[in-house]
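Undergrad: Not my notes, these are from Swiss-Prot:
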TRANSMEM  34-54  transmembrane segment
TRANSMEM  78-99  transmembrane segment
BINDING   HIS84, HIS183  heme b b562 binding site
BINDING   HIS98, HIS197  heme b b566 binding site
TRANSMEM  114-134  transmembrane segment
TRANSMEM  179-199  transmembrane segment
BINDING   HIS202  ubiquinone binding site
TRANSMEM  227-247  transmembrane segment
TRANSMEM  289-309  transmembrane segment
TRANSMEM  321-341  transmembrane segment
TRANSMEM  348-368  transmembrane segment
Amino acid sequence: MATNIRKTHPLLKIINHALVDLPAPSNISAWWNFGSLLVLCLAVQILTGLFLAMHYTADISLAFSSVIHICRDVNYGWLIRNIHANGASLFFICIYLHIARGLYYGSYLLKETWNIGVILLFLLMATAFVGYVLPWGQMSFWGATVITNLLSAFPYIGDTLVQWIWGGFSIDNATLTRFFAFHFLLPFLIIALTMLHFLFLHETGSNNPLGLNSDMDKIPFHPYFTYKDILGFFTMTLFLGALVLFLPNLLGDAENFIPANPLVTPPHIKPEWYFLFAYAILRSIPNKLGGVLALLFSILMLLLVPFLHTSKQRTNTFRPLTQLLFWTLVANTIILTWIGGQPVEQPFIFIGQIASITYFSLFLIITPFISWCENKILSLN
């Protein structure tokens, strides 16, 4: 019998085991589509970013003008720029839904995969932050000033650290050039970690909505899940296309149409929408160092989730009380996102503080306790 090159060639064999003959649980739902959508987002961002980098100039006197030049004079430059800007938003929508699915279905119990995923989230946030500075508009400049200044809260080394990142005594040309270098470099680091994420996932196999061992009920990845993923690709492309062509500035900030001016502070300094929940947590603590630590722990909290899992069941599928807590967390995060975009005044300060306490309580106290209670209820005869 003739051997199949797909199964024998050293390189094709790896691709075959990852994308063609990979045994996958038969019951994984559309919530498992977001991994492949994130890979598509990454590919789109790297391609559009590469073409933008060909025309962008990382200099404070030319950066803003070079972005205008891209939009006005470069063939389809406006389209490439809008895809890149809105693609970032879509990237975060997909990663937040991907994380939410992991929390709901207990995927965090695959510890190595989960931990690399959290590192990937940090890298994505860093990439988006330095990228937001590059157009050198008002919100780019002041957003960078506020966020980098937070590092000065660290005792003893804070001020030195801030000046080291700035490359001087204020945000200037050195800052912009290094941020451009980081923005170009970090996506390649994301690719490397994504491959590690895959590697560890394929060591254990995917989780499924029931949270049970699915070894006795596996189906090949191709054609079943390749077609399912392609449907996801089309849906996402349609959504991104509609956003880019009809509402390209919906998720941006109007302040960024004004060139950066160190002498004029915008009335409300705020980051992009996907950072607002963490920004609200930062602002809800009156102490600077406390706020910075709360900001860090709002994301680092995800690393603790596997150790706070007290339930005998893996997923939330058959746990109505924990389901209620999960959707409370989702609603709470949406409230934090809304608060992060509001001015620092009452009642927003108070709502933000309540939402921040609720956010940490749900992770650290309420969910583990309710899971323990559910175990007790299940053990009653």
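Even glycines carry a Cβ here, placed using N, Cα and C.
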Undergrad: Cβ distance under 8 Å to HIS197 (heme b b566 binding site), same chain, sequence separation 6 or more: which residues?
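TA: Looking at Cβ-Cβ distances below 8 Å from HIS197 (heme b b566 binding site), excluding near sequence neighbours, one finds THR113, ILE116, GLY117, LEU120.
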Undergrad: Restricting to CB pairs under 8 Å, which listed stretch, 34-54, 78-99, 114-134, 321-341, is in contact most with the transmembrane segment (289-309)?
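TA: Checked against 34-54, 78-99, 114-134, 321-341; highest Cβ contact count belongs to 114-134.
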Undergrad: When neighbour density is defined as the number of other C-beta atoms within 10 angstroms of a residue's C-beta, which of the binding-site residues HIS84, HIS98, HIS183, HIS202 has the lowest density?
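TA: Result for the binding-site residues HIS84, HIS98, HIS183, HIS202: minimum number of other Cβ atoms within 10 Å at HIS202.
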Undergrad: Whole-number Å only: compute the distance from the Cα of HIS183 (heme b b562 binding site) to the Cα of the residue listed as 'ubiquinone binding site'.
TA: 29
Undergrad: Go through the chain and flag residues at least 6 beyond the ends of the transmembrane segment (227-247) whose CB is under 8 A from any CB in it; none is fine as an answer.
TA: 30, 33-34, 36-37, 40-41, 44, 79, 82-83, 86-87, 89-90, 94
